[in-house]
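Notes for the one structure printed next.
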Ligand code: SF4
């Protein structure tokens, strides 16, 4: 870095918690308060190490499958959604369930059910093995084929090329998804598009914001866990938008001082499952190294919130009424 180059941080907004993550995390906290520990949670409630550890300390027990939950216990389903067989298994085992599936994931499930009923072949663009994709595929396993990026398009086979629709995981790169759609359209000109965007508002907004930041950054630091799809995508989008370097870190302790060599502007953002306290830690770390000048880059505002899962709302309301009655 030259002596005349000022060091600064461009902080992307919106970043961090989306409405679906906020709702899911609050659902676990409220369930712990309402019913007491332990509360079982199937899979990571959201893909963030810090959030999962914090809830674990408060009494949440994270399991991979409902069969690990003792009969009669309470289990919360994560924001990524579950296949109908998981609901059936929970019912068989007499578990009380709280479904924290993000409403925007539920929307994609409903689209899958509707198009399957109309006997479409559904091409689900998403990442193989991701919990959301497993959940959505489970809604109509005989109708859904996973398409994992543009390179996968040539392998796709359908029954009737004139009766094909595409849907997608909610947390993909917008640009890469459109590349996949274009390639699919070349193979299947009659391909039907979903009635509205499946890639959710939060994923889209975070990508738009990081693109603006990246264009002027030598280095972009994305705070997020490695299994968080939307966080990983933010690094890719930043690099595609002109950032000279980009790294994903769970927190400030994972930043390598060597990344700062020759760097004047550092872009900072975070995935949709990341609490802002982790971003604050990164900003403090950077300020200690001369990057104390922080400029917020905010192309849009977000106001969306979701109400808590209905099972929890019912019990919280009943509790409030009991207390009010004396
Ligand atoms: S990233 Fe989007 S789909 Fe996923 S929980 Fe957040 S709002 Fe819902």
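Backbone N, Cα and C atoms are what each Cβ position is placed from, and that goes for glycine too.
Just so you know, TrEMBL annotations never went through curation; they're auto-generated.
Take the CB of residue 102 ([4Fe-4S] cluster binding site) and look out to 10 A: across all protein chains shown you find 25 other CB atoms. Annotated [4Fe-4S] cluster binding site per TrEMBL: 18, 102, 200, in sequence order.
Under the three-state DSSP scheme, residue 80 (isopentenyl diphosphate binding site) falls in the coil class. The isopentenyl diphosphate binding site annotation in TrEMBL covers 47, 80, 130, 228, 229, 230, 273.
Around residue 130 (isopentenyl diphosphate binding site), the same-chain residues at least 6 positions away in sequence with a Cβ under 8 Å from its Cβ are 80, 169, 229. Annotation comment: TrEMBL describes 47, 80, 130, 228, 229, 230, 273 as dimethylallyl diphosphate binding site.
DSSP gives residue 47 (isopentenyl diphosphate binding site) a coil state; it is part of no helix or strand. If you take the C-beta of residue 47 (isopentenyl diphosphate binding site) and look for same-chain residues 6 or more apart in sequence within under 8 angstroms, you find 80, 225, 227, 228, 229, 231, 271, 273. Sequence annotations record features per position, and here TrEMBL assigns (2E)-4-hydroxy-3-methylbut-2-enyl diphosphate binding site to 47, 80, 130, 170, 228, 229, 230, 273.
Marked as active site, proton donor by TrEMBL: 132. Around residue 132 (active site, proton donor), the same-chain residues at least 6 positions away in sequence with a Cβ under 8 Å from its Cβ are 80, 81, 105, 126, 169, 170, 171, 229.
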Query raised in the report: So which of the binding-site residues is most packed in, judged by how many other Cβ atoms lie within 10 Å of its Cβ, out of 229, 230, 273?
Result: 273
Query raised in the report: Three states by DSSP: which one describes residue 200 ([4Fe-4S] cluster binding site)?
Result: coil
Query raised in the report: What recorded positions in 47, 80, 130, 132, 229, 273 place CB under 6 Å from ligand 1?
Result: none
Query raised in the report: Just how many other Cβ atoms lie inside 10 Å of the Cβ on residue 228 (isopentenyl diphosphate binding site)?
Result: 26
Requested in this report: Pop the Cα-Cα gap between residue 230 (isopentenyl diphosphate binding site) and residue 18 ([4Fe-4S] cluster binding site) into the table, whole Å please.
Outcome: 11
